[in-house]
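**Student:** My questions will all concern the structure given below.
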Amino acid sequence: MKLFPIFADLKDRLVLVVGGGAVAERKTLSLLEASADVLVGAPELTPALAALVAEGRIRHLAGRFDPAWLDEVWLVVAATDDRDTNAAVSAAAGSRRIFSNVVDDPELSSFQVPSIVDRSPVIVAISSSGVAPVLARRIRERIESLFDHTLGQLAGLAASYRKRIRASHPDLGARRRFYDWLLDGPVAGFLRQQQPAQAEAALAAALADPAAPAAGSVALVGAGPGDPGLLTLKALRALNEADVILHDRLVSGDVMSLARRDAERVPVGKLPGEDHNATQARIHRLMVEHARAGRRVVRLKGGDAFIFGRGGEELEYLRAHGVRYEVVPGITAALACAAYAGIPLTHREHAQSVRLVTAHCREDEDNLDWPALAREKQTLAFYMGVGQLDLLTARLLDHGRSPHTPFALIENGSRPEQRVLSGTLEQLPALAAEHAIRSPALLIVGEVAGLAPQLQWFGEHLDGRVERMAA
């Protein structure tokens, strides 16, 4: 180990920054966050540093570096663009046994400032020992994505109850289990939901009655259309914390592979021809049963839970049964499939509005507003429409939509096997049958769909118009 990691308490301690440019400004602001008493020595200052001097938050030593500036200083940072000056600062500090950091110059530095992840009071520091600062930054970015921004609040709450936790759980093993519950259970959940009073109440209740059963929770999580890279950070955290995952049929295997390894996986997808109401009732029952058993449940849905995902019904059921819940939005199919097909859903020249439409209806239950859907200058995105293409096409044409209106049918959107079939509305059923398009597929109808042949950038593109002309 080349460098010994150490955290310094700089509160009200004198720290010198030599330099008055942008780098010195960044270092000064970081030191102020640590409540240091900052001196800045330089002939000139950036406007931001000058403003800090005017506000009385820092002091300015005007002129070029003078070793006398180091009197009574605990640390010094050299941030000039002159290596001779930086070397002089380093040498003068070394002779006084004062630790010095020369920015981006490990050879002249007796300490280095790491990349940090700040969730105060929790702080994570990452260093490459000056060998590869870019690598340290990449690692910091990865860690940032893993830590929720409420972690600091949780740590502060735990610290304020530390004595009570120790008193109620004198056994070390029991105390560790309690802290695991604190970090993963309802207290952390309430903080993520910006409900600090409820978080503290849950902690106090657990301490008052340690024998009470732990309460579980349900997270409705949108898994997006399939590409695991489109998962939100919050969705990824939920999958990593889940005890049970109730997942839809269309959630991709790549997304499922990111979940906690020992989580119980329960497929609850609806299949064509089965009683969907009965399946939904089973989903409701499983969510409540697992939550009441103290488990963290993720109800994982393709796309977004609140767009044709019956998420509202599930929340109503959870609320009626007193189960705590949260919602993690996902990227819905219309947005992702359009983007991966190179189709802008709105365009100043072609479409001023977008309609998201479910095509999952029988002919005798058709209650869509077809005259409104057939209007020009709008984009239609039909979900679950592969089995209804004949009906959709006929209805749009019957209500005045031009037979030459472009369409794009996106199969397995955002996944490696994505195919985009484009053509005109009058060709839609025949082209889809000819190319054996299967679910999951999203249908986009409107002038913007005509941009797919030029702008499509991902997967395979099948241009039905060219094929028909060649034939």
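Here, residue 1 is simply the first one shown, and the rest follow in order.
Keep in mind that glycine also has a Cβ here, set from the backbone N, Cα and C atoms.
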**Student:** For the S-adenosyl-L-methionine site, TrEMBL lists P225, G302, G303, D304, I307, T332, A333, M384; sort out which one of G253, G400, G413 goes with them.
**Tutor:** G413
**Student:** Kindly state the mean pLDDT of the domain 'Tetrapyrrole methylase' (218-428) in the predicted structure.
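**Tutor:** In the predicted model, the domain 'Tetrapyrrole methylase' (218-428) has a mean pLDDT of 92.
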**Student:** Sort out for me which one of I307, A333 has the most neighbouring CB atoms within 10 A, since those are the binding-site residues we care about.
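**Tutor:** It comes out as A333.
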**Student:** Of the residues in the domain 'Sirohaem synthase dimerisation' (151-207), how many are helix, strand and coil by DSSP?
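**Tutor:** Taking each residue of the domain 'Sirohaem synthase dimerisation' (151-207) in turn, the totals are 49 helix, 0 strand, 8 coil.
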**Student:** Near D248 (active site, proton acceptor), which of the recorded positions S128, P225, A333 can be found within 10 Å, Cα to Cα?
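**Tutor:** Of S128, P225, A333, within range: none.
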**Student:** Return the residues near S128 (phosphoserine) by Cβ distance under 8 Å, restricted to its own chain and a separation of at least 6 in sequence.
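**Tutor:** Sequence-distant Cβ neighbours: L135, A136.
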**Student:** Count the Cβ atoms, other than its own, that fall within 10 Å of the Cβ of P225 (S-adenosyl-L-methionine binding site), considering every protein chain shown.
**Tutor:** 31
